[in-house]
Amino acid sequence: MAVTTSTPPDERTPDTAEGAPEPRRRRGNAVDVWLGVIAWVVGIAFFFPVFWMVLTSFKTEADAYTPTPKIIFEPTLEQYEGVFSSGIGPYLANSVGATVISTLLVLLLAIPAAFALSLRPVQKTSDVLFFFISTKMLPVVAAIVPIYVVVNEIGALDNIWTLIVLYTGMNLPIAVWMMRSFFLEVPGELLEQASIDGAPLWRTLREIVLPIISPGIFATALICVIFAWNEFFFAVNLTAANAGTVPVFLVGFITSEGLYWAQLSAAATLAALPVVIAGWVAQNKLVQGLSFGAVK
Amino acid sequence: MAEVVFDQASRIYTPGAKPAVDSLDLTVADGELVVLVGPSGSGKSTALRMLAGLEPIDAGSVRIDGRDVVDVPSKDRDIAMVFQNYALYPSKTVAENMAFPLKMRGMDKEERGRRVRQAAEMLGLTDFLDRKPKAMSGGQRQRVAMGRAIVREPQVFLMDEPLSNLDAKMRVQTRAQIAELQNRLAVSTVYVTHDQVEAMTMGDRVAVLADGKLQQYATPPELYDRPTNAFVAGFIGSPAMNLLDLPRSSTGVTLGGVEVPLPREISDAAGSRDRITVGIRPEDWVLESTDADAGSVIKAVVDVVEELGSESYLYAHLAEDTSTSIVVRGPGRVKVRFGDPIAVRPNPEALHVFDVETGQRLP
């Protein structure tokens, strides 16, 4: 994603040049070119492994193992068939379930919380906000032991709802913080106007505030989806065959089929695909949401 | 339609601190347009928000049509407000925006539609009813905000600097439209502005506020002709009145080394004070020939000339006392330029005199 949106500096120069005589410090042309080259090199260096993974996933195991890497080869879907037949299905379902349900719960809780903390601030608002973000400061590794003990005691190991609760808790502080910054952009006069007009709070929220911040809600939801989908640590420690998610499945693949590069690539590509697609589809909305308020 | 009364109404943000609005007493007669005017921080917007129910009334009371509204929520005060930035709901169309307060009051759809169409017609918005506010110009948005207030048929209109976001030409146009509309609907209106020209042109009566306190509440001509204190004198009128702190002499005051005689009643009112503040409006100077006798005219040197076509304003400093600056209205196409000497004489009939310490008008 990052690569598709980045514009190398050397491509930008013609655009700005057409404007009126700008009092801009002009760098030497050679410097611009070099900066462009560096930008491309760094960009490609970051993207290349991903590209290679996708490429490898369409190879046969034999092609994947040639001493000189093969760029030209006969593409095959054989590895993907292999992945599906090795039982990714339930793991995919678990991932989708945990991601979707936890994200909905986060939105349900974060919207009222952020509304209260931004538009109706009270004395302890900053303390509350700090408390939220402080929950992200503790390393998850340190928290896993008590969590494991509790989950084990209540007999909720390898249960998808355990993950849903944890993912909701994990994403809630971020969602409240993000959403609060969007709420803060809503002009106070709109709420005052609504109260003079006689709109009850829930109608004000639903009919007036939410439509304004919908790009922000969308961006927040997408971030939650990405974090929940990619989450590995809780999943690997608290789930097994029943509630395992795609990242857990992927790890199983590495240990058991570690030498089968092509099939592993196919599984990894499948795991990355939903997030990439979601990001791609939502690109404009995401940027709009994250830069909400920057441009009015 | 109703009478609005502020009765010793105060707003105190932090206990012990200076009140934002301090014991305001003000009566808006039925159907009257009253303008609250003052510099920023004067409490004019706070006073309006107290009337709207957006700020609590910490002391005293506010009554609308005889009913004490201190504990009445905004929506039950039967008021409509127009905000500076219009506060249009961005996700709703013009028609939906205008119908929203009616919908919230449970009015049936037919009646809502009728009222919205009627208001739209009155404001020339008929062609825009299906548009979103985003697709409209500032002036059109302003009219939608007006329309939303009108459809309510409230007892009181509240307007908080509704013209501030418009460009100069649009502002003058809309100013007249609002005044005309208010006349026609005859709904009591409280209008807040920091622009004294708006206050003077629109208000039936004008309340001048400073530091949370009411300075003067009067009709525009009265404010202009008899400002009650030096603050009002300096605030109303553009360019501002010349306010000069001058020593008394036997017959009047000394200005730029020249004796300026004061009319009898002013001189009596000034009593034994050795200094008084003398206010002279720019138009109350008489331009004299520079050859005139040194004892009878005040000599000054021009710093800036503002040529407005029909008239001009000369900003000058006194030749005798270079730290004292004055503004003099001259005829259009005045011949003087930067650095030219001029000679002026104040019209003794038009002088305003204030106490140096308290700023209160004498007599």
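Any Cβ shown, glycine's included, is placed from N, Cα and C.
Feature annotations, courtesy of TrEMBL:
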type: DOMAIN; residues: A:92-282; note: domain 'ABC transmembrane type-1'
type: REGION; residues: A:1-24; note: region 'Disordered'
type: TRANSMEM; residues: A:33-55; note: transmembrane segment
type: TRANSMEM; residues: A:91-116; note: transmembrane segment
type: TRANSMEM; residues: A:128-148; note: transmembrane segment
type: TRANSMEM; residues: A:160-179; note: transmembrane segment
type: TRANSMEM; residues: A:208-229; note: transmembrane segment
type: TRANSMEM; residues: A:235-254; note: transmembrane segment
type: TRANSMEM; residues: A:261-282; note: transmembrane segment
If you count every Cβ pair below 8 Å, which range out of A:91-116, A:128-148, A:160-179, A:208-229, A:261-282 shares the most with the transmembrane segment (A:235-254)?
A:91-116
Which residues of the same chain, at least 6 past either end of the transmembrane segment (A:208-229), have a Cβ under 8 Å from a Cβ in it?
95, 98-100, 102-103, 106-107, 110-111, 115, 119, 167, 170-171, 174-175, 178-179, 181-183, 185-186, 190-191, 194, 199, 246, 274-275, 278-279, 282, 285-286, 288-290, 292
Looking only at the recorded stretches A:33-55, A:91-116, A:128-148, A:261-282, which one has the largest tally of CB-CB distances under 8 Å to the transmembrane segment (A:160-179)?
A:91-116
